[in-house]
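Undergrad: Just dropping this structure here.
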Amino acid sequence: MTIADLPLLPLGRGTDLTSERGVECPGDLPPASDPALVERARAAKAALGDRVFVLGHHYQRDEVIQFADVTGDSFKLAREAAARPDAEYIVFCGVHFMAESADILTGPSQQVILPDLAAGCSMADMARLTQVEMAWDALAAAGVADSVVPVTYMNSSADIKAFCGRNGGLVCTSSNAEVALEWAFEQKGGVEGDAKILFLPDQHLGRNTAVLKMGLSVDDCVVWDPFRPGGGLTPEQLRAAKVILWRGHCSVHGKFSPDVVDELRATIPGVQILVHPECTHELVLKADLVGSTEFIIKTIEAAPSGSSWSIGTELNLVKRLSAAHPDKNISFLDKTVCYCSTMNRIDLPHLVWALESLVAGTVVNRIEVDPETETWALLALERMLALPGKSHKD
């Protein structure tokens, strides 16, 4: 099935926390924005000049991404913002945790703006600080907290990053998760000893990394459910585990079904299955290649003309890759699936409103992380940046 033929179902009703497969996706594409807004956005950007720097995540819609000064994954964009100290305003076309990370990494004279404050992340919201602190207390009660290092995926709130910083842990991306877990185990004597990891908030990235990259078994991993007493685990299970996975997932990547892979291989000769590690372990086992958004982009760029690919990641990115590489047969790894509904809250009307407000001298939707949280979250990020040898890209 080509991108053009795909029945599009972009707007979810919200995350089903009891399901591994994310959200329901009724509805149609959002209506196209008024073409006049394009000229207004251009005029506002021109009026602001170098005072504004617009960041666009790979999953943003085309009407927004055209105005980005830089596109990339969440951590690349935060670092790009930090590398532009002369820009007074950082307009982040992404979601809330990304804007928080940009605020943490930029200077005090810079202001980070999120065009729509409702652009959150369901995965990041699955790990709340109070829940994580309760889990930490339960680990202490089980007698294992002193052996645990918390590791959080970049896709988490500043509060969770700070929790990891305070408790000897760090942040990771999908590219450096393996080396981050290796570092974490080493802090408590190594994987062969009593060391354990609490991995937040994406269980699938944690499981895929622990099992497929580090050689642990699926049975070495247990899942902590914050909605069940004791996480749904016994003290004995906690003591036996090597990796304690938080019960979180990406609502988009969680929808891809392993069954689709078999159908695609039967209908598209020679198709290569390329997926993001936020997908379920069962799907990843059936894929040919697994990697971050940057890895996916580079893989398609380097692929030979005429090759066939089915990609399991957010649809906006897959559509752009298909348009950019017409010499390759690129399809989407499902018959119907959501766009990231929260990412798509950043639309052209919100971007124009944010930019025109700046032209008028008003800062709207500023994202500010409080100083204490920023200090500890920055420590967790700096530990990641000090890791040897691996990319720090999503």
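Backbone N, Cα and C atoms are what each Cβ position is placed from, and that goes for glycine too.
So Swiss-Prot lists the following for this protein:
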- HIS57, SER74, TYR153, MET154, ASN155, SER174, HIS276, PRO277, GLU278, THR293: iminosuccinate binding site (BINDING)
- CYS121, CYS250, CYS340: [4Fe-4S] cluster binding site (BINDING)
Undergrad: Using the CB centroid of CYS121, CYS250, CYS340 as the [4Fe-4S] cluster site centre, which other residues of the same chain sit with their CB within 8 A?
TA: TYR59, VAL95, SER122, MET123, ALA124, ASN155, SER251, VAL252, HIS253, GLU314, THR342, MET343
Undergrad: Specify the count of other C-beta atoms within 10 Å of the C-beta of CYS121 ([4Fe-4S] cluster binding site).
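TA: There are 23 of them.
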Undergrad: As a test of the contact definition, list every same-chain residue at least 6 positions from HIS57 (iminosuccinate binding site) whose Cβ is closer than 8 Å to its Cβ.
TA: THR71, GLY72, ASP73, SER74, LEU77, CYS93, GLY94, VAL95, MET98, MET343
Undergrad: Tell me the Cβ contacts of TYR153 (iminosuccinate binding site) under 8 Å, same chain only and six or more apart in sequence, or just say none.
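TA: Non-local contacts for TYR153 (iminosuccinate binding site): MET123, VAL171, CYS172, THR173, SER174, ALA177, PHE199, LEU200, PRO201, ASP202, LEU205, GLY206.
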Undergrad: So for CYS340 ([4Fe-4S] cluster binding site), how many other CB atoms are inside 10 Å of its CB?
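TA: So the Cβ neighbour count for CYS340 ([4Fe-4S] cluster binding site) comes to 27.
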Undergrad: Tell me the Cβ neighbour count for ASN155 (iminosuccinate binding site), meaning other Cβ atoms within 10 Å of its Cβ, over all protein chains shown.
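TA: Taking all protein chains shown, ASN155 (iminosuccinate binding site) has 29 Cβ neighbours within 10 Å.
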Undergrad: Measuring Cα to Cα, how many Å separate CYS340 ([4Fe-4S] cluster binding site) from GLU278 (iminosuccinate binding site)?
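TA: One finds 13 Å between the Cα atoms of these residues.
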Undergrad: For the iminosuccinate site made of HIS57, SER74, TYR153, MET154, ASN155, SER174, HIS276, PRO277, GLU278, THR293, how many Å separate the two farthest Cα atoms?
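TA: For the residues that bind iminosuccinate, the greatest Cα distance is 18 Å.
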Undergrad: Neighbour count, 10 Å Cβ-Cβ cut-off, for HIS276 (iminosuccinate binding site): what number do you get?
TA: 29
Undergrad: Suppose we draw a 10 Å sphere around the Cβ of CYS250 ([4Fe-4S] cluster binding site). How many other Cβ atoms does it contain, all chains included?
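TA: Excluding its own Cβ, CYS250 ([4Fe-4S] cluster binding site) sees 27 Cβ atoms within 10 Å.
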